[in-house]
């Protein structure tokens, strides 16, 4: 796939001295679904606004299809945006809202009619053309906003927290619908969210941001299974994170025990952090466990039990299990070497990738 958007050394500093973006470099390929994921204030919406042309970077460049568009007016970019509040016109019906952009461009009436019909069909709103906006549910308004954006046939569609106003069930339904729409259209979607589940469910690739910097980028599986630092490990899903020490390649120490692991390329004796996901931990009898813990609490969450336990060194453990246990019981905890992920302190994403390639190449 060809590159459609590139940001090179983009920095955004406001008049009050606040730096929203710090040397952002990213590449967006054509035809993929991307998520910009991070907490409030991480810089994700600022990146979206700079791509859209609603905000100019203090320094750096923005490229679209190989052309420098850093100073190009937003209206001249082949990019459309779906805003958090949908920004629909309440005095217009569904057809008029979707047709608005085409009418501004003075397109032929019959061409507009056919384009609007096709866009509404794409978002499963056949027969809604004459409905008033006030008659629509939140999910239907979301679809109208998407139809209004895609009717202009943009090369890139930007979505700014566009599912956040929906209830949980509808939000999940719209995740599937957005992904299907993106696949049918074959255009690039860039989705801004603070919701990890949304990003993991929909994206081909994710950029994880914090404090104006890209912490890690990659596929949902790579980011979940191989977080590059403490922030990513804690922000993407639940984690057990413990202090440890690398013994040698493929062996790490934590909790006063040594364990076989799948990591290498770290100096013997180097202090590290160890990540174990709750769903990778199995409760077993003490004899077969690699660790001993005492169960402190247990919650039933529908598809699993969330169990909190503590070991003899006062380390707290979070375990997701499909089977219940008993509070106060001492149990064994089992995990495979591949379930252990070792993180170096201060290691950048580039350094992590280089180390990963080196030791995977030796296998």
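Please read every residue number as a count from 1 along the shown chain.
The backbone N, Cα and C atoms fix where each Cβ goes, and this holds for glycine too.
Per-residue confidence over the domain 'ABC transporter' (5-236) averages out at a pLDDT of 91. Among the features that Swiss-Prot reports, domain 'ABC transporter' is placed at 5-236.
Look at residue 45 (ATP binding site): DSSP puts it in a helix. Its Cβ taken as reference, residue 45 (ATP binding site) is surrounded by 22 other Cβ atoms within 10 Å in the chains shown. The annotation ATP binding site is assigned in Swiss-Prot to 38, 39, 40, 41, 42, 43, 44, 45.
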Residues lining the ATP site besides 38, 39, 40, 41, 42, 43, 44, 45 (CB within 8 A of their CB center) are 46, 194, 209, 210
Using all protein chains shown, find which of the binding-site residues 41, 43 scores highest when you count other CB atoms within 10 A of its CB. 43
Just name the winner among 40, 42 (the binding-site residues) by count of other CB atoms within 10 A of its CB. 42
